[in-house]
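Enquirer: Following this message is one structure expressed as C-alpha cells.
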Amino acid sequence: MKKRNDSKVTEFVLLGLSSSWELQLFLFLIFLFFYMTVVLGNLLIIVTVRADAHLLQSPMYYFLGHLSFIDLCLSCVTVPKMLGDFLQQDKIISFSGCLAQIYFLHFLGASEMFLLTVMAYDRYVAICNPLHYLTVMNRQLCFQLVFACWCGGFIHSITQVTLVIQLPFCGPIELDNFYCDVPQVIKLACTDTYVVEVLMVSNSGLLSLVCFLVLLFSYAIILITVRTRFRQGHSKALSTCASHLTVVSLIFVPCVFIYLRPFCSFSVDKVFSVFYTVITPMLNPLIYTLRNAEMKTVMKKLRKKHVASFCHIKG
C-alpha cells in the first residue's frame, strides 16, 4: 500500500465488474461497442443541430444539443478508464484521479438531471400553451435555463468533492466498483462517516428524487392535457412520453437507489452504475432524437449535401 506522509492513501484499487479474465475480455468488447455508439450517436446529433439553422433556433433541439454534449462528456468520465482496466490486471487509480472522477461525474450527472427537468418544462409549454410557446421559451430564457443547469451541476459536484476530500484515508484501498464515487469512497475513510453519509443522502439522494418526481408530475400533466384537449395525436404523445420516461427512469431510479440509502451497499450497485454511466448516454440519442422525424429529415439532407459536394470534388 502506498501512503503519503505515512497516513494518507495516494491511490485506490478498483475491483471492477469481474475478476475473470475471459469475462473481462467479453465485457471489453461489449462496452467498447457501447462507447463507440455513445460517441458517434451524440456527435451526430450535435453536428446535425449545429449545421441546421432551423433546428438551432428551436428550443427543443437547443436543449437536445446540450443533452447530447453532456452524455458525450459523461461517457468519457468512466468508460475509457474501465475499458483500459479490462485489459490489465492491476486496476489502479490515483487519489487525485479519483477526486476528478467524482467531480466530473456529479457535475455532468447533476447538470443532465436539471436539463431533463427543463426539457420536461419545455414540452409542457409546447403542448399545454402552444400559441405562446415561442414567446415563453425565447432564446434568452433558454440560455438562462441551460446556464442555470450547468451552475447547479457545478455547485452539486463541488459539494460532493468537499465531502470526500476532508476525510482521512489510511487503508484499506480497494473500491468495489469500476470507477470512483462517493458512496464507495467514504466507506474507506478512517473515521466515522455517519454525518458525511447523511449529507450525501440529503444532497445527491434528495436531488435525484425531487427531480424525478418533478419530471413525473410534468409528464402526467402533459398526458392529461393531451387526452382532454386533443383527440388527434393522443397515441403519438403517449408513445413519446413513454419513451422519454423510460430513459428518465434509467437515469433517476439507479441514482435514487444508490444515493438515497446510506450505510449499506449491495452487489447490484454495479449494475445500476452501468445503467446511468453507459447505457443511458447510449439510449438518449435513440429515444430523444434519432426517432424524431424532423431530425432524420435534416440528417438525410445533410448526407445528400455532403455526398453531392464529394462527387463534385471528385468530378
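Every residue number used here counts from 1 along the chain in the order it is shown.
Yeah, the Cβs are placed from backbone N, Cα and C, and that goes for glycine too.
Look at TrEMBL and you will find 25-49, 61-80, 100-121, 141-159, 206-226, 238-260, 272-290 tagged as transmembrane segment. Under the heading domain 'G-protein coupled receptors family 1 profile', TrEMBL lists 41-288.
In the displayed structure, how are the listed features positioned relative to their neighbours?
Expert: Remote same-chain partners of the transmembrane segment (25-49), defined as residues 6 or more beyond its termini with a Cβ less than 8 Å from a stretch Cβ, comprise 17-18, 55-56, 61-62, 64-65, 68-69, 71-72, 75, 79-80, 82-83, 86-87, 278-279, 281-282, 284-286, 289-290, 295, 298-299, 302.
Across the domain 'G-protein coupled receptors family 1 profile' (41-288), mean pLDDT in this model comes to 85.
Sequence-remote contacts of a segment are chain residues at least 6 beyond its ends whose Cβ falls under 8 Å from one of its Cβ atoms, and for the transmembrane segment (100-121) they are 60, 63-64, 66-67, 70-71, 73-74, 77-78, 81, 93, 145-146, 148-150, 152-154, 156-158, 160-161, 164, 179-182, 185, 204, 207-208, 211, 214-215, 218-219, 244, 248, 251-252, 255, 276-277.
For the transmembrane segment (141-159), the list of distant contacts is 59, 62-63, 66, 102-112, 114-115, 118, 203-204, 207: same-chain residues at least six beyond its ends, Cβ to Cβ under 8 Å.
Counting residues 6+ beyond its ends, the transmembrane segment (272-290) has Cβ neighbours under 8 Å at 17, 31, 34-35, 37-38, 41-42, 44-45, 64, 67-68, 71-72, 74-75, 77-79, 105, 109, 177-179, 181, 243-244, 246-247, 250-251, 253-255, 257-258, 296 in the same chain.
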